[in-house]
Amino acid sequence: MDQTNAIPLPARVLSLDVMRGLIMILLAAEACGLYEALAHAFPGGVAHAVVGQFFHHEWHGLYAWDLVQPGFMLIAGTSLYFSWLRKSLHGVSWSANFRSVAWRSLKLFGCGVALHCVYSGRLVWELWNVLTQLAATTLIAYLIIRWPAVGQLLFSLGLLLLTECLYRLVAVPGYDQPFVKGENFGTYVDHLAMGKHNSGGWAAINFLPTAAHTIWGVLVGKLLASSQPVAIQLRKLLIAGIVGLAAGYLLDWTSVTPIIKRISTSSFVLVSGGYILLFMALLRWLVDVRQYDRHAWVFTVVGMNPIFIYLFFETVGKQWFNGTVGIFVGGTLELLAVPASAIAIVVALAALFLEGLLCYWLYRKRIFFKL
């Protein structure tokens, strides 16, 4: 690994903690049913259009919610690099750390598969969860973590090119329409791997192009860990973000490759990566440079246990906790003749608040779950 620019790191980079916590809060709000409740409360108008940004686009296009998983993947890559750098500075070899990374990826994969069993209420073999995707992208990013930055960037772009070739050139009858839902290469691979396809058009092979997000996260980690002035770091993040947006939208507007999150087209990966890099630059400037960090602790508390809280609200939360909160909070509001649409919003907010209290309790007790 090139450590010519590396310096000993502080314990935490606050802007990264804020971003991680923000992502987890957004995901928790979705699991608590907040966005669904708001959508029902505002069936039309500007408010409905705003709330609509908190759902995935049906196919060709991009909503704000489509940026959450790329952000999750990218911040995971940054954390991966910081972890590796700290260990390497303490004499841990790449191969020794690889065993730890591989074991963690295996556990992530297992958790992702288990979550789909919970969703289905029975044993299933489904590989569409973000954790199974992250398991694969983490391994790919770590395998090249010692490469020079240029090599890593070229490799990530090569993954996008490979994905383009697979979708366009593998002409399997019935699966030879690269950008048509249910008739593309991703669906074909799903049938090979799982004997089924996703009705929403999601593809398990998305890990291949989205590995670029995790690799770019590693590159962000290298940049933030370098001795370069913060102004230079911000400039590079801004340039990279703008280039990603320009390249991705150009592919879409010229009808070369449409922006489709559900199969992670190259244009989607570039555009979403561009937005996330710009957002990281904004947080870096606001939190670390301008030190607008008075309320950063809220995000830090939630972000310190990201995998645990994700598993909690996707299992216990959806299966039991949300309903239990609804019994008491919703029941009380019904007695007060509060409208049903308002009750749904309050119940979702109450569940979200209580999950936040759980994160705060874990933080105060210094209990941090790691895979």
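The count begins at 1 with the first shown residue.
Every residue, even glycine, has its Cβ placed from backbone N, Cα and C.
Taken straight from TrEMBL:
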TRANSMEM  21-42  transmembrane segment
TRANSMEM  62-84  transmembrane segment
TRANSMEM  105-121  transmembrane segment
TRANSMEM  202-225  transmembrane segment
TRANSMEM  237-256  transmembrane segment
TRANSMEM  268-287  transmembrane segment
TRANSMEM  296-313  transmembrane segment
TRANSMEM  342-363  transmembrane segment
Close approaches to the transmembrane segment (21-42) from elsewhere in its chain (Cβ under 8 angstroms; 6 or more beyond its ends): 48, 51-52, 54-55, 65, 68, 71-72, 75, 298-304, 306, 309-310, 313-314, 317-318, 322, 341-342, 344-345, 347-349, 351-352, 355-356
Residues of the parent chain within Cβ reach of the transmembrane segment (62-84), under 8 Å, 6 or more residues beyond its termini: 1, 9, 13, 16, 19-20, 23, 26-27, 30, 52-56, 94, 97, 101, 130, 133-134, 137-138, 141-142, 145, 210, 213-222, 224-225, 259, 261, 268-269, 271-273, 275-277, 279-280
